[in-house]
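Taking it in order: structure first as structure tokens, then the write-up.
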């Protein structure tokens, strides 16, 4: 769509005077839409500058809340309970706290324990949940609120539901007779039919004569009923992408878990059962080569087997009987295996020997091997009795977890496809409630697979030399290979059944890794499930939240190969010792399975006869809370005697070693390689390491390391990082004051501890990320304490504030970096956010809920302000200050009694602000990266300060000291400057900083002086404004400022912050009645506007001052919508979305539910009306075409009147609207389109943005007090009021209901992001938002469209986008969307109607009311013409009746088109399927007639318009129901009969005559409905109806336009053009009779060159021009401008049809009119179009480039066709239509109409003998015909166009033989030529024309031969003379001419017809003519051969010689035939014979 068509309503604005207009606006506030809004007229403050806000607190003091009535009181001030302190108990997963009990804890452990049990301290803003940040309006919440909406009834939906209504019950197969031959039903029967119909119900009050005021009141009351309270609940939710203010409260810190898998061990069975077997489960990651879980020990032995160990066992603890385990996997991978190891009781023999029975003996052979089994059982019993406490490795296997979780049962796990040496398992899937489909995309996800039961059947025996984890990883890697080495091993056969499933959310009977009971734990006696601790494959960054202190000991290997003696069966015992006495072993080692919970010692499995065993054992220990220097692990090595020998002990100690657990205060972990002592360690050994060579001790292998062991701690107490350890140690030393203290090699004293602490603070940045994140809460707490509680050393305060602050910045940065992947959209780290929200508390305070205790006096003191502090912050303080505390004027080293008070007075927020302001550049950079954290910390500190000190009652101005506020000012200025300077370098950081600053200021609004915060906002705005002037890319800055404003406005008390209750608004007055309107001041009268009201509706200085935040937001919107705004498209969306989001929030906020409150809230947005009104030219045009809307504003604009108004704004679409049909896209041009709007209006808004803005406008109109709107309307100028009406018009178009079918068709794609939006948004982003460039470019590369320019108008592309990107919705969802859309359309229209009523009341008695009311009526008419619900139409028609009743002159004395338009609308609704609509439409139409009659005792105008409307309506509306229209006619008749007021007049009689007349017209024209699917018949009917109105030019013109529209719809542009030419001729004929102007056509004759058919328009009757008759030829088409419009449309259609020559003829008639009007612009355009037309003619001279049409003769035969029987037509079909195509189309159409097996196509072209046809069938004969021209015509028809235009005669030929065959031998082959003449020349106003004359000529065989030879000769001549020559074509023609042919070649023709001289003298002439033809043929062959010889190459010489030989043979054969002479040839021929010869051959020669 061209810009000029899109913005028709703005055409009247004159660009040349734009500067003057701007000046005038700044002086006079005239409100031109294109004047700059940058100057606010009230105080002269430009919009680009921020006004000084009011002092908020002072304003509130001067206006206490009690001053407001009732509910408005809550809008004045924040609620008293706005801020509260919550102590939320920390969530504990276990039933026991799990913290150390009654132990003397050191400072570090105590601090950790306290942290893990203390409550969360939460500062709660009680109403924050109501803000847009925390309670967003989303699609889901909207849907919830939309429940219970009433269903609106729409005509288009009703018509779809009632297809089987009476109107469709007629027999669709009845004859399609021609209407012109069908007699009209008699008047008597028509009257009878109408009288017998039932009328609809009558409106009881219609015939009452009520006062207008009463009618208005009644209408308003009815309109107010059952309205939805929240308009925007019906509108789609705000765009989530724009919601920069979106926040969510962080999740409380919780223990980290990965994806959890539940493994249940069900049973373990071997072929033989002789001894107990014990199992171990663990997870291993092969890729990472890491064990990723602790061990789970299970015991599935039977009681009898367990009984064998009774001698060694104690009563097993319930926790060791677990058979289920929950494993956690943080990093799922396809390389994870569940490894199952089996152990057995130690026995004599190596592992292979012990496994042999299990591999050899089978259960089926039990009887055969009974003795062996008994022997084995006996041996096993002995070993269990003696060696029961020792274990030995037995077997192992592994399950590949990825196969389990990814397969859906496809794997056949019963089959051992990879051989017997591979572990086999079967998989049985349980299909139950937990059955979940596996994700095919993510095969490694362990969270959503189907539970599986595995049966593991094969185990591998353990190999003594390959027990280490390294060997295990090799085995596991090998298992995945097809050629596994394990296949060659013999398996240990067993059956282990295990269940693997996703772990449930809250499993019952679950134990933590510390064996604590996890909630819920219903019964302590139930068999537990164990949570297995994960050892993540990679780092996991999560803070510790609970106490955990576990130590894992992994003995790896022992090398006793050099040890002398019998040391072979080695076992390692481990003990946790608190001292050196054997009794000091602590019971902290976790038991395995079926044993006690904790033990004092544990042993490794024994490898038989191995002096250098490897171990896979894992010992798990519970570390004591306090680990001291004496705590150590003692390892004792035993030789175990497997065979009982007399005098030999069971176990012999053969070595000792140990590991001290604490060294320099740090827990020792990691790998160790320890020497082993042969002797027992000496006293005091525990404080030393074994590496120290103690005197007198013997060591294995000369004190070398022979025992490899590894310690791993999982502790939330011990950081295990040197830098963190040192930091915590130093802090706790300072807290305890325990000097001196040894730290590694350094002895800390009071003198050097400060230096060490500073170094430790600086070194924190070197800490490992994982422990730093884990202990981040501890670290941050300590740093906060150091900032605000500086330690005292030797009586001196150590100023560590800066160092601690810098350390805090680095720690936060490290934590951020580590958790980068987990950050939210705003770059916040969830863990840090959770720390601030939950964990942070002010050190030294015990938070409790304030309960009236006296406030603690706290002085505001800050640390020293360094030299980096800006000079502006000193505020002229001259007092000398202490280096550590600025409030102390004392020497730094002095000790004062007030030190304790000072220490208690440091406030974190003050220190943070100060340190930030004075920080160095490096630190500041780190802080800026994560400014949000420090801002939130500061805010929480301030809130705690107020809450704990009970300062909330303190006036806000006194809550915080001035110095702190100065620091805040400097800080905000500094951060704001960073935002501005970084926006072009690091956009992402700038965005995050901008948002952080906005949220900080928003938070401050709840805590400090709000006027102070507003001043900060203003300062920031000024900073941005300053930079904007020099910015290379202002759009980026404007975007950030927009987001900044949006965040500020998301505050939960946004409305209160805008001071809504202060007296800027005028006092409300009651809505005036008609009688009281005179007392009001009105712009239409001489009084001046009310400045108070004006300032409320404009972005005036007072408005922006008082409503500061609303002013900022609306100012941003106004600036973004300015035509010259930078980055407009992106800013439009952002600004409009911000307003929309706020209004949605108001609609859903329960605080504003009452109408009075919401009205006060709406006042904050009143300038939105002016903004939208002025933005009108750039809003998306939702109307189908310009229509009425383009003329509302201009009609009221006084500047457009006068001579410049040549445009008269005639628009053909107006007439088409009356006719009920749309024009073709190219036909909307008006004579006065003016300059293209886009160049003037700037960047147009997208459809989505425009619609959202209009929804916001409607919200304001709906919720504002009507009296206030009325006073505003009173002050508007006429142009402003016109633009307001334009806006309302656009609202109606934007929210028009699309119908259920539209939702089904596009699956609810109502204003979602189209490709157009996406492309433009990307463009905007690429220009402004640098951080997103890569993403956008990538998405663009993937786009199938490449360059997205001009995508806006690529409808096909947009359609593709809609259908391909949509998410398919269910029928219920589409039903719901249609329901909501219907309610939205209804409510939007009702709001518009309410506003129109207000405007009508405003201008009722003004001087300019006619022009305003005319525009109002146009909007009302548009609303009635669009798709509306029955509910709205009731109210809309009531308003229309009231309007026409009060101002009848609008319709009957002013604009004719208004009356025509109204009649059309009412008549359409009279035909509605919905009875209520018909009732109201009938009432309106009746009242219209009555009012017209009361004015002049005649209603000729209404009669004429209703008649015209009915004709148009029935002719063009498809879903029109004539039955319902008849009922409405009956209803009107009933009104006339019951109206007593006009009983004595002729009114009732006239109404009756009109109704009967309409009824008859309806009956006549209703046939058109039957032929909607038959385009030819439909056009014929329209043509005949138009011809029937030959005496009524208005109606004929209407029908011609209808036909043009239909033709355009069908793509028949030539025919559409002819319709417009006929219409223009009709108008010209009328104008020529009315007045004589030289520049006008003289009538139809002037158009004869365009079409000879046009002369039929001259039949115009004189009485039409009678001035006495009202309403005839009164349409605007019957003017010069109307004629111009019709001619332009004709030219447009001709151009589209490729008939460029006709375009010239049209413009020949148009140019003189334009010259007479001196419309040079239009003339330039016309000549440009002529140039284009002529250029195209030149380039398409051959004619092949444009094919004009194909013609067919179609004959209809049979009674089924009715009046078409035996009729012949010539059909014009699209170019290159084949005979088969039209045959198929017609056959298919009539088959559908008449039924199967009825229609037959006659295949030949022979004359049809009807007597031979089946009377029950319908026959169609179709023949291809060609245009025929006489010889004299060909002289004039030179060009291809000439031979395809103005065609009346057509020819077709039919071959036949005397015996009836089509083809036969040459002597009997005849040909019939048929000439057809049509009534009119093609192209005509229809595509089929009746044949009016037929002439046939029969050719004899010789004449046929003559024609054939002439044709061959012409072909030869053409091929020979072709330039450039075409050798191939020439040879082809030659070959066909001289080559030997099978039959009917030239030689055979000659032999047949020339061999003998005919006996009949009549044939002599034909004989001679054929002879001459052959002579000419031979000559042409010779010429062709000569030409061919010149063209060929050497390779074709032989071929040419062959052609010459053939030619010679042909010539020789022809020679005797051609030399015969006819003796009587020259004899005189009788006259009669001469004539017959002429007749027979005259027209055939050149065919």
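The backbone N, Cα and C atoms fix where each Cβ goes, and this holds for glycine too.
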Looking at Swiss-Prot, which of 562, 1741, 2036 is flagged as phosphoserine?
2036
Checking 439, 880, 1198 against Swiss-Prot, the one recorded as phosphoserine is 880
Scan 189, 1308, 1406, 1815 for the residue that Swiss-Prot records as phosphoserine.
1308
Looking at 872, 878, 1411, which one is marked phosphoserine in Swiss-Prot?
872
Looking only at the domain 'C2 DOCK-type' (548-714), what is the mean pLDDT?
92
Within the compositional bias 'Basic and acidic residues' (244-254), how many residues are helix, strand or coil going by DSSP?
0 helix, 0 strand, 11 coil
What counts of helix, strand and coil residues does DSSP assign across the compositional bias 'Basic and acidic residues' (213-223)?
11 helix, 0 strand, 0 coil
